[in-house]
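Visitor: Take a look at this one; I'll ask things after.
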Amino acid sequence: MKFIDEAKIYVKAGDGGRGCVSFRREKYVPFGGPNGGDGGKGGDVVIVATSSHNTLLDLKYKQHHVAKHGGHGEGSNRTGRSAPDLTIPVPVGTLVMDSESGEILADLVTEGQEYIVAHGGIGGRGNARFATATNQAPRYAQSGIPGEERWIRLELKLLADVGIIGLPNVGKSTFISRVSAARPKIADYPFTTLTPHLGVVRYGDDLNTFVLADIPGLIEGAHEGVGMGIQFLRHIERTALLLHIIDISRDETSTGWHDFEVINSELASYSPELILKPQIVAVNKTDLPITREKLKDTLRIFAEKGIVLYPFSAATGEGIPALLYKIGEALKNIRYRQTEHE
């Protein structure tokens, strides 16, 4: 299934019910006063975050969402029934924006968090409300107030601790499938990962966990929409840490440094804040002879730039425990610093 992480929808809250024109009519009261009730309130349109949804696919194909109108007022001063709210479930991590202005209306990051995107109209007043000393039998009532309407844009950003980045086919999907229960489609060609994947990783004594997000491989020009484009970069904006995987086995001359620079250039072009995120850099496919032959030079080149490389093999599992431990410790330090600043 294609992953849908954006949707534009029209929402219309319910109109308020019409006020009632009515007069008291009883056997011995031929000229009773006005007793028309007020109209009921129209239903609100409410966006609700829920973990039971993980895509915006449904909203991509159902764009119009209209709440019910309030009931009309009735005689005997009976108020019309208020309409129920229309709730629209979205995945946790959804950003709600006004489609026209781009204004961020809500950032729904917790289960059950909700935001009213369109308020229902108030019911019109019945004729009983308009009776005065000089007009004891008003023959008019108010119409209900129309409900709010607007176009909104929804944008989903996956919530994960660690975002895995790298060029296509460096082994990100193989890595996440080995270390977590996630099972992304894996094949030996670029752009196998067509959708982001989340995986929960347990390490050490299995009491420590973190969440990985595997996104499609980036290529030069990704921030301008080349390849899979920038639509997936937003999913790593909320991560605390980036795991940058490189592959030096694809040709005889590659040391991984050029690839490393390409990816970081794309991150910087997309968001200056993204490039400032801490990165752990790891070189995959140490099970291949060509990688083992070139590994020493690659380690030296990165070390000269002040970067420690973590070699591993997603195919055999070699080096993965040490890499997971390093990621876990880095996350603990980041969270500790965040707690200190709160």
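Glycine is no exception: its Cβ is also placed from the backbone N, Cα and C atoms.
What Swiss-Prot records for this protein is below:
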BINDING   166-173, 191-195, 214-217, 284-287, 313-315  GTP binding site
BINDING   Ser173, Thr193  Mg(2+) binding site
DOMAIN    1-159  domain 'Obg'
DOMAIN    160-332  domain 'OBG-type G'
Visitor: For Lys285 (GTP binding site) and Ser173 (Mg(2+) binding site), determine the Cα separation and express it in whole Å.
Guide: 13
Visitor: Whole-number answer please: how many Å between the C-alpha atoms of Ser173 (Mg(2+) binding site) and Gly166 (GTP binding site)?
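Guide: So the alpha carbons of Ser173 (Mg(2+) binding site) and Gly166 (GTP binding site) sit roughly 11 Å from each other.
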Visitor: If you draw a 10 Å sphere on the Cβ of Ser313 (GTP binding site), how many other Cβ atoms land inside?
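Guide: Step by step: centre on the Cβ of Ser313 (GTP binding site), count other Cβ atoms within 10 Å, giving 20.
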